[in-house]
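Student: Below you will find the structure I want to go over with you.
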């Protein structure tokens with residue numbers, strides 16, 4: 001852990017009594033905190049001459065803004081606390097107190113020493129930040145002088161006039177260095193602190209590739225002057241696309257996307273691509289040849305990190321509310337990055353989070369063209385480039401391996417905004433009280449390795465390099481199947497681009513389409529078939545909201561898993577229900593092939609993974625349930641295959657540690673019971689009964705009789721044991737499945753567990769809230785299917801539906817329904833939205849025989865259906881079963897009748 005000799009250095013700096021007033025800034029409220037430090041550095045340690053001082057001062061505004069992010073949390077806390085604790089002795093308002101504190105801090109070294117001794121880590125970070133900035137200015141000036149003649153010749157600089165150097169044109173990496181903008185003789189250059197330029201390699205390969213395709217690339221080279229671990233690179237101004245170049249441009253863009261995909265470049269966002277002189281130019285290729293393997297979630301077919309999306313050229317997600325991809329039809333956007341607006345009031349300092357900046361895509365500002373209107377040309381360029389690679393694969397592989405031999409590339413272990421978020425969190429006042437405490441903050445984050453921890457501790461965005469090692473297997477992923485997959489991904493991406501453009505321009509009525517009243521079930525089915533199918537398996541690119549608050553929401557295209565809750569099983573349920581009502585012979589031939597492929601993959605999952613999740617929504621229970629009932633119509637497999645699979649499941653049930661409906665054995669039990677009641681095959685029925693008995697035994701063994709439930713461990717603290725009460729994860733979801741199995745096996749031990757658990761659920765009922773706590777450790781009340789009253793009464797309703805007698809349950813359901821019928825939620829999904837709640841409300845109203853409530857819930861369902869028809873376009877709608885539109889459409893096809901599990 002790198003530190004500085006704090007005691008002596010703090011003393012040396014703060015005791016310096018120079019006039020620091022010249023370093024104050026009205027704009028930057030806490031500039032008085034570092035004014036003395038700057039004076040010490042420029043006058044004592046570095047003794048800056050005129051040129052260096054002039055350039056340092058030209059960087060002051062941006063340096064101060066960066067330092068404000070670092071200092072603000074601690075100083076706001078310190079001043080607010082000091083004022084509140086001494087209010088009896090302070091006769092002035094806070095604004096006066098702040099000014100007096102500021103003036104004293106500047107003039108009295110004892111106050112400076114007191115503050116920095118309290119927050120030594122704050123001092124270290126401020127001191128290093130300005131010290132490194134000055135070093136970088138001095139080194140940049142020195143390198144310009146060293147390469148003076150080379151720079152003049154290479155960049156056609158006729159006369160070296162006054163030099164300008166602007167720091168911070170990129171992320172801060174090694175020793176506080178970031179790309180610097182150097183202006184001299186009317187030319188603008190970038191000084192990059194890397195060993196070699198992969199941009200030149202990229203352009204060289206791009207030119208070779210395009211030439212073989214009969215395309216002339218107008219940018220033949222990128223002018224550079226190289227040094228040892230640094231290089232100067234010319235700045236290219238974006239020019240946009242000329243009208244006569246449009247078609248060629250979008251074709252070349254498709255080729256550009258393929259070349260970047262082939263070369264494994266992963267960071268070509270909007271700042272790293274320039275469109276000029278009829279060409280697309282990559283100006284930052286430090287992550288070239290990225291081929292890291294990573295674990296992906298169970299039931300996911302494909303890792304999008306290996307796709308064209310990994311290049312970041314195509315729009316597929318938002319980051320802090322903004323689309324940052326290399327191409328986008330959006331120009332100006334607000335990016336909600338951590339920053340403070342400081343209000344100094346009479347009571348104290350109020351910190352209000354605000355967006356850091358408005359970002360602009362200079363390419364689109366110059367051109368104003370809309371990429372989604374040119375989807376066909378882009379895909380054509382990509383496809384023909386892919387075919388060109390196949391024709392001359394050996395030539396291109398040899399060229400790449402030779403070009404990149406013995407070179408190091410940057411390894412991006414995390415996203416830059418994830419690192420920035422951690423840095424922001426590490427500026428907490430408590431962590432500034434000790435070097436050790438702030439280092440421990442990073443050390444406790446298990447996702448960071450040692451190198452990352454040390455670099456972040458030193459306030460740097462980790463920059464980690466490794467030798468490039470392109471092996472032959474790297475190229476194995478390129479195939480005609482992969483080509484078809486990537487074409488679908490590109491198409492989805494540009495549809496996403498269109499939606500984001502329309503959303504951003506609604507107020508201006510620019511190309512705005514009417515709200516899609518035609519987003520009906522037929523249209524949705526057509527969308528799934530035309531956009532989400534590749535070689536008989538469903539990719540089902542899903543648009544999901546990953547973060548949402550009052551300011552913005554994050555949206556990301558994702559591959560659907562196989563399971564029911566978020567995935568393809570839900571899409572299959574929808575399509576099977578659709579074709580049951582609206583047969584289509586040609587499409588059903590395709591659908592049967594999809595089901596066959598799905599069944600083969602499911603069998604392999606179960607046989608090769610004994611610890612596979614068994615639940616109904618996030619496990620094999622729901623997958624088997626879907627395939628069993630689809631098989632009744634489409635004859636995908638024979639009973640003997642299912643029997644063999646059930647034997648494997650029975651043998652492996654002891655691995656289940658979830659127990660619940662969503663992920664565990666209770667969800668499997670539900671599927672087994674439904675199949676048991678439906679099957680007419682004696683052999684299959686016997687095997688299903690054997691499995692049901694095995695699951696019962698497993699749940700009996702793990703039932704905690706004292707706490708009446710199935711325990712869960714806190715993942716971050718194995719000693720923290722708790723018990724869920726809701727439907728998806730807890731008691732109210734498990735006991736109805738056990739009661740249904742008791743009706744088959746007549747196992748009296750199961751009946752005793754059910755009776756005891758019902759009493760527990762009744763005891764936990766809060767008749768004021770008309771709800772249940774989430775768990776034994778969380779007493780929050782929710783109104784969702786997964787946690788809270790709707791799910792609990794759904795479980796209790798299943799009990800009553802299956803003959804369990806309890807007047808008390810009946811009364812509780814009625815009380816909850818009276819409140820639930822008035823409940824409105826912002827979402828319309830099944831899991832935590834109005835549609836799911838209202839289907840449950842209708843179901844439970846039917847069970848207790850209250851037609852008035854049933855009618856009220858049916859009316860709510862109809863109202864929500866009308867709202868659904870006025871959503872955004874289909875691409876933006878979440879397509880999962882439980883959190884999106886697919887489940888709603890499925891139940892609409894079933895007239896919202898819960899004839900089996902939600």
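For all residues, glycine too, the Cβ spot is worked out from N, Cα and C.
No curator has checked TrEMBL annotations; they are predicted automatically.
A quick note: this is a predicted structure, and the numbers were derived from the prediction, not measured.
Pasting the feature list from TrEMBL:
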DOMAIN    119-453  domain 'Lantibiotic biosynthesis protein dehydration'
BINDING   786, 831, 832  Zn(2+) binding site
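Help me picture where these features are in the structure shown.
Tutor: In sequence order, 565, 728, 784, 785, 786, 882, 883 are the residues of the chain that are 6 or more apart from residue 831 (Zn(2+) binding site) and have a CB within less than 8 Å of its CB.
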Student: Based on DSSP, name the secondary structure state of residue 831 (Zn(2+) binding site): helix, strand or coil.
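Tutor: In the DSSP reduction, residue 831 (Zn(2+) binding site) maps to coil.
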Student: Note the Cβ centroid of 786, 831, 832, the recorded Zn(2+) site, then list each other residue of that chain whose Cβ lies within 8 Å of it, in sequence.
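Tutor: Other same-chain residues near the Zn(2+) site: 728, 784, 785, 787, 791, 829, 830, 833, 836, 882, 883.
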Student: Around the C-beta of residue 832 (Zn(2+) binding site), how many further C-beta atoms are within 10 angstroms, looking at every protein chain?
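Tutor: Step by step: centre on the Cβ of residue 832 (Zn(2+) binding site), count other Cβ atoms within 10 Å, giving 21.
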